[in-house]
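Quick notes on the structure that follows.
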Amino acid sequence: MADPKQRAIMETARVLPVVFVVMNIVSLYVIYSWFHLMPLLQSTKDSTSYVLGYFELYVFNGITFLVMICYLRAILTSPGSIPDSQEWEYVPQSGVVQPDAKETKKSGDRRHCKWCAKYKPDRCHHCRVCKTCILKMDHHCPWIYNCVGFRNHKFFFLLLFYSAIDCVFITYTMFPTVKNAVDLNNSFVSMFMVLFAETLAAFLGLLITMFFFFHIWLMIKAMSTIEFCEKSTKNQGYNGSLYNRGLGGN
């Protein structure tokens, strides 16, 4: 068992990914607003740039607002856990199967958690980081300091969607600013900032977009990340799932 000091250090370390994400969001927001939008909005003599600046201002802030809402909801929403009611308390019995259960132990008994001392419903897994069983657990995500499960999977999925759009939007719209900063030999600070933001947005956009399409594929297959990894480990196919309800249902 770790002493209180070690536990405090471990808890602090688990917050660092969230701090890193917030720092990236703030950095991109400040750089894009100050070095890209402000020059466009100050171009009063060029009506095209002025209108373009306002259009990008509204779109960028709207998407970023949705990113922050989904990020906060993904962090603050409980993914769901096994109820504390008596029927879920683990009572060792042989051959007793949960009604309509699709997942059982090899012996045919109901699945149970030895740490929580409760029966586990289908697709429920114990998270050793959160120290509890998570309903329809997809995975534990250090970037949101939370598990992705039944109640917050929607917010995690939308977070990937809006983040991918935001990064691609920054990368595409800020490219002329980057080109002008290099061509016109602007100050080192200005060139560094716009190049940094462009590179960061392009890298994150590519990474998040690939991850988002992976989760779309999982959704189509009615599969969670844990179930994907289990099938990968067992060298099974990915065309079948116990929970497949068709494309629309999934």
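Even glycines carry a Cβ here, placed using N, Cα and C.
For 108-231, the entry in TrEMBL reads domain 'Palmitoyltransferase DHHC'.
For 12-35 (among others), the entry in TrEMBL reads transmembrane segment. Sequence-distant contacts of the transmembrane segment (12-35), counting only residues of its own chain at least 6 positions beyond either end whose CB sits under 8 Å from a CB of the stretch, comprise 60, 64, 67-68, 71, 75, 129, 142-145, 167, 170, 174, 177, 181, 190, 193-194, 196-197, 200-201, 204.
The annotation transmembrane segment is assigned in TrEMBL to 55-76 (among others).
According to TrEMBL, the transmembrane segment annotation covers 155-175 (among others).
Feature annotation from TrEMBL assigns transmembrane segment to 187-214 (among others). Within the same chain, residues 24, 27-28, 31-32, 35-36, 160-161, 163-164, 167-168, 170-171, 174-175, 177-178, 181 sit at least 6 positions outside the transmembrane segment (187-214) and bring their C-beta atoms closer than 8 Å to a C-beta of that stretch.
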Same-chain residues near the transmembrane segment (55-76), Cβ under 8 Å, at least 6 residues beyond its ends:
18, 21, 25, 29, 32-33, 36-37, 40-41, 141, 144-146, 148, 152, 155-156, 158-159, 162-163, 165-166, 169-170, 173
How many of the residues that make up the domain 'Palmitoyltransferase DHHC' (108-231) does DSSP mark as helix, as strand and as coil?
71 helix, 17 strand, 36 coil
